[in-house]
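Among the features that TrEMBL reports, domain 'Histidine kinase/HSP90-like ATPase' is placed at 513-608. Annotated transmembrane segment per TrEMBL: 170-191, 198-218, 230-249, 261-277, 283-306, 318-340, 346-366, in sequence order.
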Amino acid sequence: MIASTAYAAQPSVCTTNIQHIAVAQAIGDGTQRPLQGWQTIKQLPDFIDDHWKLYSGSVWYRIRWDYHCPITQKNPVTLVISHINMAGQVYINDDLLWQDQSLVEPLSRSWNMPRYWNIPASALKQGENIIWIRVVAVATQTSGLGQVVLGDASQVMPRYQNFWREQRVLMFFNLIFSLTLGVIALLVWLFQRKEHVFGWFALNSLAWVLIIYNVVALKPPFGLDTLQMARINIVAITAYSVFACFYAWRLAQRRFAHLERGLIVLLLSIVLLAIFLPDHIAILNTFLVITFIVAMLISIVHFISYPFIAWRSRQLEAYLLAGVFIIYVALMTHDILYLLRVINSFPIIAYTAPLTTLLIAIILAMRLAKNVKRIEGFNKALKENVLQAKEELTTSLNIQHKLALENTRLQERMNLAHDLHDGLGGSLVRSMAIVDQSKDNLTNPQFLSMLKLLRDDLRQIIDSGSSLGAKVPETPIIWGAPVRYRFIQIFDELDIQSSWSFPTVWQSKPTALECLTVLRVIEESLTNILKHSQATQVNVHLYYRLPTQLVFEIEDNGIGFDVDSVLESGISVGIRSMQIRLAKIQANMHIESQPGRTFIQVIKDFKPIQP
């Protein structure tokens, strides 16, 4: 690339032509121009490190140029400088034309800021003129002077506009675009923590924002000096390379645990070195150069290897990102060669970075849309499965309800059978015993009395289904009076002695169902005595062993029976009926029998009443 351009018009108009460019170190405080030590420069841009390695301080550039203009022509001359790295002053002959706001640390940053001036003809001399440019250099920052263009505004301003577009417009667009995408990706990750690819892409974008900001900032923030900004920038470059690996691997759904740990350790090490490394120029320069090379190697190796990772992932988004990374390899190679001054060109990253960033954003959007569709599909399948399960559950509940109804009907039949056996059956046995044991023929009123008793027992059985809502007798004596009355009549006629004992009050009041159950057990027990025992003495006792324990006992002096055989064979409907009834009210029954004595005991425990 040529160092400068010369504007030459027709002989009747003004002409400018750069004759010689030289550079020398400043003397004194930097504001004084040296008289000797000038080195000729063949072309611009020029880098101070080419003349004095790791030099920090002021240097002067002297640009000799010829200006010829007819007496009748007084056209101004336009001067364009692409950049001054890091800060500087511009003189036309011995007159100050412009200077940066700060020429001491923290320095102004004109290293990526093109400028132009219209120099009036009155400030120029016919023949040789000199442009003096003072550059405040900082070692490690490739300080120097950019391109210098002199000539008529109509021909020079297009060059300035090109500089402005490359160094400001595209960079600012890249900064805003990357910042926007980074914030969006960060918000996506905050609401979808499982989408790690967006979290790493957000960090990658924010690191790139720091890099671009370092390029476009005209003054350092927070009063930082130039070397402190360089430390931050090299950390951002390394972070960009590391985070690019992470989000790309997550997009391909791959993890490399040991490699990722190594990259994190490397990044943290560089952060610590950037913070604590002393401001020794040689050491700091070595650190910056080596770190930059390591970061570039990480990126290049990552970009080259990613197509193989993407191929194994079998995902469209990974294939597309691999294509973008292949483009990145070509772009980075070109710009690295430009920075190393191997090729005479211009950095193309300013033109391509917004486009490639947009492509990556589209790829991530495809990934997000794919995940949303997958979630929608999962929700749809889940809804269908729920509906199917609901239908199956409804069918199962209907079947269960039918079975419950059948079981209820069967249970009612069994309860009715037990009630008929215990109640009506007992009454029939009593009536049969009266008829059998009677010495005289029974009269019609006696038969009518027995039939009425059977009718009352049948009514009691029919009404027993509503026993839960029935009223509990006020005292145990009232409760036991009907059964006591019926059986005493039979015992008297059969010459059977009986004793009855009931408490006067309920210490723990049973429910209506419990009263009916115990009553049925008493009737069944007494009926069995009449049918089988041949007893002459029966004792019936009801008492409270504890305030919360009701005990019912029946004892006779009959012939007895084998309790174990009867219980094991299950041939006794009465005993089995009593056991079933007592189990429903959580009561226990104990039977002892031998010739001359049969003893039945029922124990019902009640829950204590809380005070």
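Quick reminder: no glycine exception, Cβ is built from N, Cα and C everywhere.
Given the structure is predicted, the values throughout are model-derived calculations rather than measurements.
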Two-stretch contact, the transmembrane segment (346-366) and the transmembrane segment (283-306), at least three Cβ pairs under 8 Å: no
For the transmembrane segment (283-306), distant same-chain residues with Cβ under 8 A (at least six beyond the ends): 54, 139-140, 227, 230, 234, 237-238, 240-242, 244-245, 248, 252, 263, 266, 270, 273-274, 277, 321-322, 325-326, 328-329, 332, 336
Sequence-remote partners of the transmembrane segment (170-191) [C-beta within less than 8 Å, at least six residues beyond its ends]: 112, 198-199, 201-202, 204-206, 208-209, 212-213, 215-216, 350-351, 353-354, 357-358, 361, 364, 368
Folded-back contacts onto the transmembrane segment (230-249), same chain, C-beta under 8 angstroms, at least six residues removed: 140-141, 197-201, 203-204, 207-208, 210-211, 214, 224, 255-256, 260, 263-264, 266-267, 270-271, 274-275, 277, 284, 287-288, 291-292, 294-296, 298-299, 302, 306, 309, 321, 325
Residue distribution over DSSP helix, strand and coil in the domain 'Histidine kinase/HSP90-like ATPase' (513-608): 40 helix, 35 strand, 21 coil
